[in-house]
Amino acid sequence: MNPIAFHVGNLAIRWYGVIISIGAALGLLLAMYNCKIREASYDEFINMFLIAFPSAIIGARLYYVIFEFEDYRDNLINIFNTRQGGLAIHGGIIFGVLAVYIYLKYRKENFFEYVDVAAPSIILGQAIGRWGNFFNSEAHGGPVTKEFISKFPQFIQKGMFIEGTYYHPTFLYESIWNFIVCIFLVYLLKKTKKKGIVFMAYIGLYSLGRFFIEGLRTDSLYLGSIRVAQLISVLGIILSIFFIYNIIKKEKRY
């Protein structure tokens with residue numbers, strides 16, 4: 001796959017950045033609709049986004065570099081080069097959510113009211129963003145047979161044929177899962193007014209899909225012999241179940 005979308009003068013604009021930008025833009029459009037459902041301020045949401053998005057990019061890069069520091073030890077300037085990938089979504093989520101929490105606390109706004117609205121947009125951005133991995137020929141799984149890959153569209157087959165070998169299109173598996181979760185979260189946002197349910201459902205469902213898909217990947221970040229993404233996913237599932245249970249229990253009490 002050609003990772004370059006187009007050139008502006010001598011500057012090569014990569015598909016990776018273009019696709020992330022498209023995901024962010026469509027996420028904002030979806031948030032406009034979801035703010036109306038929850039009667040939340042879209043202006044406040046935009047302010048929140050302007051803080052969360054750059055924080056998430058920084059967090060995603062920092063998280064990746066921490067676990068892959070040996071690749072940057074001899075050339076530290078490359079830490080700042082994100083154009084070819086090297087963003088870990090878990091780091092982005094952690095830093096983005098933390099930045100939003102601090103901002104909304106300062107603004108004296110309800111944290112869960114806005115992250116509930118944001119959850120479908122976040123997972124939509126993730127679903128679209130995975131296609132950036134496709135154009136970078138990264139985040140794929142282990143080798144597969146030609147017979148297996150032949151079940152996929154021709155352009156997927158070509159993109160997953162890397163250096164003479166076909167690979168699992170794990171980016172596609174996760175993209176499809178994330179789109180399904182997005183649709184469910186929009187539905188849930190309409191059906192429940194309990195603050196925190198939608199956001200914690202996002203954490204749990206994304207983590208569930210990521211846990212299984214991560215097991216197929218060949219480029220996982222490791223902590224010893226443990227895949228970091230699977231460890232974080234297990235914690236996310238437990239956290240989600242715990243919070244949703246307590247939110248429902250608290251509502252029943254009153």
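Cβ from N, Cα, C; glycine included.
As annotated by Swiss-Prot, transmembrane segment applies to 11-31, 49-69, 84-104, 169-189, 196-216, 228-248, with the evidence given as sequence analysis.
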Highest Cβ pair tally under 8 Å against the transmembrane segment (84-104), stretches 11-31, 49-69, 169-189, lands on 49-69
Hey, which bits of the same chain come close to the transmembrane segment (11-31), Cβ under 8 Å, at least six residues off its ends?
2-5, 42, 45-46, 49, 53, 83-85, 117-118, 120-122, 124-129, 131-133, 135-136, 182, 186
Counting only residues 6 or more past its boundaries, what in the same chain has a CB within less than 8 Å of a CB in the transmembrane segment (169-189)?
30, 34, 37-38, 116-117, 119-120, 123-124, 126-128, 130-131, 133-134, 139-141, 149, 152, 156, 159-160, 197-198, 201-202, 205-206, 209-210, 213, 216-217
